[in-house]
Amino acid sequence: MAVEVLEPFLKGDTGRNTRGLLRLIILCTIAAAAVASRLFSVILDPWFNFRATKYLVQNGFYSFWDWFDDREASHPVAQLVYEPRKPAEEPKRTRTWHPLGRVTGGTLYPGLMVTSGIIYHVLRFLSMPVDIRNICVLLAPGFSGLTAFASYLITSEMTTSPSAGLLAAIFMGITPGYISRSVAGSYDNEAIAIFLLVFTFFLWIKSVKNGSAMWGALTALFYGYMVSAWGGYVFITNLLPLHTFVLICMGRYSPRLYVSYSTWFALGTLASMQVPFVGFLPIRSSDHMSALGVFGLLQLVAFVEFIRQQVPNKQFQTLLRGLIFVVFVVSMGVLVLLTVSGVIAPWSGRFYSLWDTGYAKIHIPIIASVSEHQPTAWPAFFFDLNLMIWLFPAGVYMCFQQLKDEHVFVVIYAVLASYFAGVMVRLMLTLTPVVCIAAALAISSILDTYLVAENPIPKETQANGQATSDSIKSAADVIKDSLRSTRNPVLGIYSYVSKASVVGAVTTYLLLFVLHCTWVTSNAYSSPSVVLASKLPDGSQHIIDDYREAYYWLRQNTPDKAKIMSWWDYGYQIGGMADRPTLVDNNTWNNTHIATVGKAMSSREEVSYPILRQHDVDYVLVVFGGLLGYSGDDINKFLWMVRISEGIWPDEINERNYFTARGEYRVDDEATPTMRNSLMYKMSYYNYNALFPAGQAQDRVRGSKLPAEGPQLSTLEEAFTSENWIIRIYKVKDLDNVGRDHGSAVAFDKGNKKKKTAKRRGARVLRVE
Amino acid sequence: MRSLTLFAAYLSSIFTTAVADSNLSTPLSSHQILPDNFKPPEVFKNANLLRNINLEKGYVRETVNVVIENIDANEQDTYYIPFKAEAIGNVGGLEVKDKKDPEKPAFRSEVVEYDPYSPTQFYRVTLPVPLAPSAQQTLAISYHVLSALAPLPAAINQQDKQYLHYTFSTYWPSAYLTEKQKTKVKFSTADVPGFTAEPLREGKTFTYGPFEKTPAGVEQEASVRYESTRPVIHATLLERDIEISQWGGNLATEERYWLTNKGAHLSGHFSRVEWARTQHYNPPTSALRMLTLPLQVGSLNPYFTDDIGNVSTSRFRSNIREANLELKPRYPLFGGWNYSFKVGWDASLGGFLRKLKNGDGYVLRVPFLEGPKMSEGISYEKVDLRVILPEGAT
C-alpha cells in the first residue's frame with residue numbers, strides 16, 4: 001500500500017524534515033503563483049514614483065532628500081543602463097505645481113523608492129545591470145510573493161494546524177482584493193506596504209507571545225519601514241495599542257506584553273520620526289495619541305502590578321480596574337484639552353471622514369472627490385474576496401473559541417478593518433489580510449476534520465490530551481471529562497459519504513475561487529488606468545491607448561517648458577509621460593491651487609483666460625469620454641471641480657448654477673447657461689458635433705443629445721485630439737495683436753462684428769493685463 | 001577561453017558614419033590636407049555628361065554618367081568632384097563606379113580638405129587604373145543630397161497638397177571643361193507649378209540642355225517647385241545596436257530612431273474631425289502614418305516601444321518569404337512633428353556568422369542599415385552603429 005511506503009517519510013524525525021521540505025516547496029510555488037498571476041499586462045502606472053526613483057538612483061540619497069521639484073537633474077546625471085545615448089541633452093526643467101514648486105523630498109513616503117534603489121544597487125553590485133524601470137515594474141509582484149509568505153507565518157502563529165498557514169498564503173497570493181493594487185507595473189506605495197503591514201503584525205504577535213525585546217525591536221524596525229512607505233501606517237499605530245488595551249482590560253496584563261509593547265513603542269516612534277514627511281507628527285497629532293496613551297497606561301499597570309506582588313490583596317483586582325478607568329478618563333481629558341488648546345494637532349480630515357461618511361463631502365471635497373475614498377458598494381466585497389467573505393465570520397468565530405492573545409488581535413483587526421473597508425473602497429486593502437487569515441483558519445479546520453481517511457477511534461488517553469483542532473473524541477468521553485479545554489463536544493466523522501461530499505464541496509469552492517480570482521484579475525485589475533482594453537467582435541484584443549498617444553504628442557511636439565493645465569488626477573501622468581510642467585498633480589498638498597484650476601475650468605472664458613495667463617498656462621488638457629462612452633471623464637468629475645473652487649470663492653462659483661431648475665445635471669439643450677459657458681463644457685464639446693450629421697450629436701456617457709450648435713471657443717484653440725477623443729488638448733491663445741479681446745476678435749473674423757459688439761458693450765468687460 | 005577574432009572587427013568600436021557628414025570640423029584621419037590655393041589640375045575633360053536628378057523621394061538623388069578623357073601628357077588617376085562648402089555636408093553616399101563594369105567594387109572616393117573657409121570643397125576619386133593620355137573612361141557617379149528640399153509654402157492646411165522647392169544648377173558643377181552635357185529632372189507627379197530656366201517638359205520629366213562647352217566651375221541656377229504630398233521623413237539620429245550572443249545563438253538588433261517630418265507645417269492646428277473623416281478613402285497626405293520595416297526572413301520577437309512604454313499599434317507578418325514589421329506611430333506625424341521610438345528583434349545567429357576556415361576567427365555579416373522601407377524614402381542625419389561582441393572576444 002502506498003500509505004505504508006510513505007509511512008517512514010511522514011512520521012518521526014525524517015517525517016518532520018520531509019514535511020518541512022514539502023512546505024517550503026509549496027510556499028515557493030505559492031509565491032511563484034502570486035507573482036505569475038500579476039503579470040497579465042505590464043504597464044508602469046504611477047509615473048511620479050518612477051520619476052522619483054530614477055532621481056534617487058541618479059543623484060543619490062541625500063539630494064533625493066532635499067529634492068525640490070523645480071528642475072530635474074540639476075545634478076550631474078549618471079548614465080542609466082540601456083538609456084538612449086542621445087548626446088548633448090540639456091538638463092530638463094520640470095516643475096510641478098507651477099509656479100509654486102513642491103518640496104518633494106519632504107512630502108513623500110520614501111520607502112518605495114529607497115527599496116527599489118537598494119535592489120538596483122545590490123543587483124549592480126552582483127554585476128547584474130538591470131534597468132531601474134524593470135525593477136519598478138516587478139517590485140509589486142515580487143513583494144506579493146513575500147506577502148504570501150508573511151501571511152503563512154502569521155497564520156501559523158494562530159493555530160497548530162499545518163495547513164492553515166499554507167491556505168492563508170495562497171489566499172493572500174491570489175485574492176483580487178490585494179491583486180488590485182499590486183499588478184506588475186503598479187508601482188505604488190501599497191505595493192510594499194501590505195507586505196510590511198502583515199509582517200509587522202506577525203512580528204508583533206511573535207513578540208507578544210514570547211515577551212521578547214528582540215521581537216519587539218524587530219516589530220519596531222518593520223514598523224519604521226512601514227512608516228517610510230505608506231500613510232496607512234496609522235492603522236498599525238492604532239491597532240497595536242488597541243490590542244494591548246483590550247488585553248489589559250481583559251485582565252491579561254503580563255510582563256510579556258509590557259516588554260513587547262514598550263520596546264515597540266519607544267523604538268517604533270523614534271524610527272517613524274526619522275521620515276521627514278512624518279517628523280514630529282507622532283507626538284503632535286491626535287492620530288498617534290492612542291499609542292502614547294496606552295504606553296502611559298501600561299506603565300501604570302506595570303507599576304500597580306508590581307505593588308500588587310508586594311502587597312497581596314484580594315480586592316486588588318477591583319481597585320486596579322477602577323484605577324485604570326480613572327486614569328483613562330483623566331488622560332483622555334488631558335488629550336482633549338491639549339487638542340483644543342492647539343498643542344496637539346486635531347485629527348486629520350481623512351480621519352474624520354472615516355467616522356462620518358458625509359463629513360468629507362461637506363468640509364473637504366478634495367478628499368471626497370477621489371473615487372477610492374467613496375464608501376464601498378457591497379458587491380465589491382464579494383468581487384474582491386469571493387468565498388472568503390462568508391468564511392471570514394467563521395474564522396473569527398473560531399478565534400473567539402480559543403481566544404489567546406493572538407486571537408484577540410485577529411478579532412480586533414477583523415472588526416476595525418471591516419468597518420474601515422465599508423467606509424472607503426481603498427481600505428479594502430487592509431481588510432484583505434485578516435480575511436485571508438480567518439478564511440484559512442475556517443477552511444483548514446473543515447479539511448482537518450473531514451480529510452482524515454481513518455475512522456475516529458475513541459480513546460481514553462486522547463481525552464486527556466490537548467484540545468488540538470484535529471483531535472477526535474467520542475461524545476461519551478467528553479461528557480465524563482470536566483476539563484474546560486475539552487468541554488466542547490467534539491464529534492467524529494464516520495461516514496465516508498459525508499466526508500467525501502464535504503471535501504468535494506470545499507474543493508469545488510476552492511477551485512471556483514481560483515477561477516474567480518483569475519477572471520477578476522485578468523478582466524478588472526490588469527488594465528491600468530492609462531490603457532483601455534476591449535474585445536473586437538472577432539475576439540481579438542483592441543487597445544485604446546489615447547492617454548499615451550496624447551501624452552507622447554505633448555512630449556514630442558511642445559516646447560520643453562510648456563505648462564500644461566489639467567485636473568489634478570492627470571498631474572503625475574503628465575509629469576511622467578509627457579514630461580511637462582503641470583499646475584496641480586496627485587499630491588494634493590495645496591487645496592487653493594487646485595481650487596484655482598477648478599475655477600478656471602468652471603468659469604466663463606472671460607474669467608478663465610486671465611487665470612490661465614497669470615499661471616503661464618500654454619496648454620489645457622481635458623478628458624472627454626463622450627464619443628467612446630468612457631465614464632471616467634472630466635464632465636463627470638466636473639461637479640467636484642465646482643465644489644472645490646466654491647469652497648474658496650463662494651461668491652463667484654455656485655454649484656446650484658450648474659444644475660437645471662429641476663435639479664438635474666444635464667449637458668444637452670436644457671443645460672444651464674453657466675454650465676454651457678463653462679470652459680470645461682466648451683472644451684469637451686468643441687467641434688464635437690462636426691463628427692455627426694447636423695443635430696445628431698450624441699454624448700454616449702450621459703446618453704443625451706447635444707445642442708445642435710456646438711460651443712464656440714475664443715481664447716483657446718484646439719491643438720490635438722486623440723484618436724477616440726478621450727484626450728483633448730487646447731492651446732491658450734496669445735494676446736490679440738491689435739489689443740482686442742478674443743471674443744470680438746473671433747467675431748470679427750467670422751464677419752458678424754456689428755451685432756455682437758453692440759451687445760458685448762453692456763456686459764462686464766474684463767480687461768486682460 | 002577561445003579567443004574570438006572577428007573579421008568585422010572594425011565594427012566593434014562605436015563609430016559614426018557620415019551618411020551625411022554634417023560635422024566637417026572633425027575630419028576623418030583619411031582626409032588629405034591640401035594647400036590653401038589648391039585648384040584641381042586641368043588634366044581631364046568631360047567629353048559627354050548625362051545627369052539625372054531624381055526628386056521622387058524625400059531627398060535628392062543624383063546620378064551622373066560622365067565620359068572623362070585624359071588631356072594631359074601623363075597618366076592620371078585623380079579625379080576631383082567639387083561641391084559648394086555649404087552643400088558638401090549634406091552630400092551623402094557618394095559612389096563612383098566604372099559604368100562599363102558595374103560589378104566591380106566602387107572606386108576609392110573621399111572628402112579632401114584644405115581651407116575650411118573656401119567656398120568650394122572637393123571629393124577626390126582615385127581611379128584604380130591610371131588613365132593613359134587621351135584615353136577615355138565612363139564613370140557612374142551617384143550621391144544623395146539631404147536637407148535640400150524645402151516645403152513651399154512652409155505651412156499648409158491639413159488636407160492641402162504639399163509642394164517642395166529645390167534649387168540646383170543646370171550645369172553639373174565640374175572641375176573640368178565639359179564638352180556636352182544634359183540634365184534630367186524626374187518628379188513623382190506631373191504637377192510642377194513653378195520652374196525656371198526653360199526646361200523641356202515631358203510628363204514627369206524635365207530636361208535641361210544639351211549644353212555645349214561649359215567651362216569648369218560655371219553654374220546656372222534653376223529651381224523647381226513640385227507637388228509631393230508625402231511626408232519628408234528625416235531621422236536626426238539612428239542608434240543601432242547589434243548584439244551577438246553565441247551562447248544563445250542569437251543576434252539581437254535594436255534600433256532607436258529620432259524621426260521628424262520635414263514637410264510643410266500645419267498652418268492651423270491639427271483637426272481630428274477632418275483627419276478621421278478622410279481616413280476612409282486614404283488620400284495622399286503629408287503626414288506619416290505608418291512605417292514598414294522589411295526584416296530579414298526568420299526574424300523573431302519584434303518589439304516596438306517608446307519612452308513611455310509599449311506601442312500597441314504594430315503588426316508583424318512573418319512567413320518563409322518575408323518578415324515585415326508594420327509600425328504605426330502613436331499619432332500621425334505632420335510636418336514639424338517629432339516621434340522617437342525603439343524597435344528590436346531577434347534572429348538566429350547562424351545566418352549571419354560563419355567560422356573562418358583557418359584559425360579561430362568568425363566572420364559576421366550584417367547589413368549596415370535595415371531601416372524602414374518607404375516609397376517616399378527616409379534620410380538619416382547621423383547613424384550610430386554599435387556591434388556588441390560576446391564577453392571575452394578579442
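Glycine too: its Cβ is placed from the backbone N, Cα and C atoms.
Because the structure is a prediction, the values reported are computed rather than measured.
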Stretch carrying transmembrane segment according to TrEMBL (options A:257-283, A:500-526): A:257-283
Transmembrane segment per TrEMBL - which of A:107-123, A:209-225, A:617-633: A:107-123
Two-stretch contact, the transmembrane segment (A:21-44) and the transmembrane segment (A:380-400), at least three Cβ pairs under 8 Å: no
Segment-segment contact (the transmembrane segment (A:191-207); the transmembrane segment (A:135-154)) at 3 or more Cβ pairs under 8 Å: yes
Same-chain residue ranges lying at least 6 outside the transmembrane segment (A:107-123) that approach it to Cβ under 8 Å: 49, 52-53, 56-57, 61, 64-65, 129-130, 132, 135-136, 139, 187-189, 191-193, 196, 225-231, 275, 277, 587, 589
Mean of the pLDDT scores, which run from 0 to 100, over the domain 'Oligosaccharyl transferase STT3 N-terminal' (A:22-439): 84
Residues from the same chain, set at least six apart from the ends of the transmembrane segment (A:289-307), whose C-beta lies under 8 A from its own: 237-238, 240-242, 244-245, 248, 253, 255, 257-258, 261-262, 265, 269, 282-283, 320, 323-324, 327-328, 331-332, 335, 344
Remote residues contacting the transmembrane segment (A:319-345) - C-beta distance under 8 A, at least 6 residues beyond either end: 248-249, 281, 284-286, 289, 293, 296-297, 300-301, 304, 308, 313
